[in-house]
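Inspection log for the structure reproduced underneath, given as C-alpha cells.
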Amino acid sequence: MCDLTFIARVSDGLIFTETWDGGKEGQAMAKYKQQAKQLLRHMNSFPPQCSIDTGAYVFHYITDGGIVYMTLCDQRYPKKLAFSFLEEIRQAFVEELAREFGTTDSLDYRQHIEAITKPYHFISFDRQITKRRNDYRDPTSTRALNRLNDSLTEVNSIMQKNIDDILTRGEKLEDVGRRANDLKDASKSFSKKARMINLQAMFRKHATMAIFLVFFLFIIWWKAC
C-alpha cells in the first residue's frame with residue numbers, strides 16, 4: 001500500500017500535490033510527512049531515483065523533467081509495484097501538464113514548472129493519485145499482479161539508502177552551500193570597503209592639489225590687482 005504520495009519540484013521541494021491514506025492519519029503519518037518534506041528539500045542533491053529505508057516503511061521516488069514523484073510504502077510492499085505506481089503517476093501528471101500548459105512540440109514544461117510560486121498548484125490532481133492508489137492497494141490482487149507483470153521498470157539497479165544517512169548528507173551539502181554564500185558575501189563586503197578606501201585616498205590626494213591650485217590662482221589674482 002502506498003500510504004503517502006507527493007509530487008514536487010526537484011529544485012526546491014515545492015509541493016504541487018500530496019495524498020495520504022485517510023485510515024492511517026495520526027502521529028506516525030505526521031512523522032513520515034515531515035521526513036518526506038525534508039527529503040524533498042534536498043532532492044536536487046540526490047540520485048534521480050532511489051528507495052530510502054526508514055525502518056518499517058520505505059520512501060520510493062523517481063524524478064523526471066524537474067519533478068519528483070515520491071511515495072511511502074510498507075517495508076513488505078513489493079518494490080517493483082511501488083515504482084510501477086510511480087511511473088503511472090508520472091505519465092498521468094505529464095498529461096495534466098499538457099492540459100494545463102498546452103501540447104505544442106516546442107513547449108518547455110520545465111520552464112512553466114520552475115515559474116510556479118505557490119505550493120499545491122496541482123492540488124486537484126490528488127484525485128488521480130487516489131484512483132490509481134486504490135488499484136495498487138492490495139499487492140496480491142489480480143489487478144496489482146497484472147500491473148506487476150506489465151511493468152517494464154527494472155528495480156534491481158535502483159539504489160537503496162538509509163534515511164538518516166541521506167538526510168545527514170543533505171544537511172552537510174546545505175552547510176557547504178551556506179558557507180559558500182557567507183564567503184561570497186564577505187568577499188563582496190571586502191570589495192566594497194576596498195573601493196571606498198581607494199576613493200577616499202584619491203579624494204585626499206586631489207583635494208590637496210585643488211587647494212594648492214586655488215591658492216596659487218588667488219596669489220596671481222591678488223598680485224594683478
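Using the three backbone atoms N, Cα and C, a Cβ is placed for every residue, glycine included.
Note: TrEMBL annotation is automatic and uncurated.
Among the features that TrEMBL reports, domain 'Longin' is placed at 6-129. Annotated domain 'V-SNARE coiled-coil homology' per TrEMBL: 144-204, in sequence order. Feature annotation from TrEMBL assigns transmembrane segment to 202-222.
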Over the domain 'Longin' (6-129), what is the model's mean pLDDT? 90
Across the domain 'Longin' (6-129), DSSP yields 58 helix, 31 strand, 35 coil
